[in-house]
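Student: This is the structure I have questions about; it appears just below.
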Amino acid sequence: MSSILKEEYGEYKGEQVYQYTLQNKNNVKVQIINLGGIITNIFVPDKNGKTADIALGYDSLERYTQSGPYFGAIIGRYANRIANGKFELDGKNYTLEVNNGPNALHGGKFGFDKKVWEASEDDDILALKYVSAEMEEGYPGEVTVVVTYMLTEDNELVIHYTANTTKKTVINLTNHAYFNLAGQGTGDILKHTVELNADRYLPVNDVSIPTGDPETVEGTKMDLRTPIKLETVINDVPGNVGYDHCYCFNDAGWKKLRARVYEEVSGRKLEVYSTEPGMQFYTGFYLDEPGKGGGHYHKYNGFALEAQHYPDSPNNKNFPSTVLSPGETYLQTTSYKFGLV
């Protein structure tokens, strides 16, 4: 059974922020703060037993409170983009905070990633709770969200999400961890080998909004069903910014292997399982951020695998619904399993 260590991490808007360390007997260690449920560090041994931090992030609380690439954070109320920051629900039009060109991205300017969550511990489970007020960032309903983190003895970080609402609303939750299996700060991820078990993806326009229904990956550079080294395909991806696309799965339920990534030199492997119908694969084209230990992250220095519903679903009736009504419970389970090739 993994243990949880609680330490003071800093203060934000008069509230104390704590860091929680989950560690198992295999020397895998995950650190999480209750600001945004941010995963600050993930220490994993390589094939020689040498441990390194494979999660991109910052050294200070202050950096996490500023705008940035959402390193390690819980994203809500709506992960990914909503076109023009507008949607209609039951005949009523809602206008959201626009923060990504013309679109609302990742819950707005002050989404779940910028909130201090109420934390509690139950043996090896860290539970974080946040109550999102009616019309926060423009979304209807008061929404209560609980996210739990558990590190198993099989080196699996299991993230479970639940949410309830007082009024009909839309919701789409994810975690925005960035990984570099060679170790954060070691350079680019182009020698990582990637496999994504999806035969469809969502083409997008120049502001990353889906242009229609999912299309087949067959015969395109979007086809990652067979393991492939990123350096052999990334420069040929449509849009010239690497991968920043939502992949669509045909099956639902737990436990479905959605993605597998490995890095040969370290021997580290990451597998992602999820109940969600989609996964945003992002290879960090726009990264230009100060990193840990005085370093700096550049283009392609990390990747994200964000299990979620499709972007702009509230404006696309053909997509899996993201509507949550009173009396219903939003449920999601996603896990990151660390291992060796």
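Cβ coordinates come from backbone N, Cα and C, glycine included.
Keep in mind that TrEMBL annotations are predicted by a computer and have not been checked by a curator.
Checked TrEMBL, it gives:
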- His176: active site, proton donor (ACT_SITE)
- Glu306: active site, proton acceptor (ACT_SITE)
- Asn80, Arg81, His176, Ala177, Tyr178, Asp244: beta-D-galactose binding site (BINDING)
Student: Inside 10 Å of the Cβ of Asp244 (beta-D-galactose binding site), count up the other Cβ atoms and send me the figure.
Tutor: 17
Student: Count the other Cβ atoms sitting within 10 Å of the Cβ of His176 (active site, proton donor), across every protein chain shown.
Tutor: 23
Student: Provide, as an integer number of angstrom, the distance between the C-alpha atoms of Asp244 (beta-D-galactose binding site) and the residue listed as 'active site, proton donor'.
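Tutor: About 13 Å separates the two Cα atoms.
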Student: Is it possible to get the count of other C-beta atoms within 10 angstroms of the C-beta of Arg81 (beta-D-galactose binding site)?
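Tutor: Neighbour count, Cβ to Cβ under the 10 Å cut-off: 24.
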Student: Determine, to the nearest whole angstrom, how far the Cα atom of Glu306 (active site, proton acceptor) is from the Cα atom of the residue listed as 'active site, proton donor'.
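Tutor: Distance (Cα to Cα, whole Å): 6 Å.
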Student: According to DSSP, does Arg81 (beta-D-galactose binding site) sit in a helix, a strand, or coil?
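Tutor: Its secondary structure by DSSP: strand.
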Student: Note down the number of other Cβ atoms within 10 Å of the Cβ of Glu306 (active site, proton acceptor), including every protein chain shown.
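Tutor: Other Cβ atoms found within 10 Å: 25.
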Student: Considering all pairs of residues in Asn80, Arg81, His176, Ala177, Tyr178, Asp244, annotated in the record as contacting beta-D-galactose, what is the maximal C-alpha distance expressed in whole angstrom?
Tutor: 18
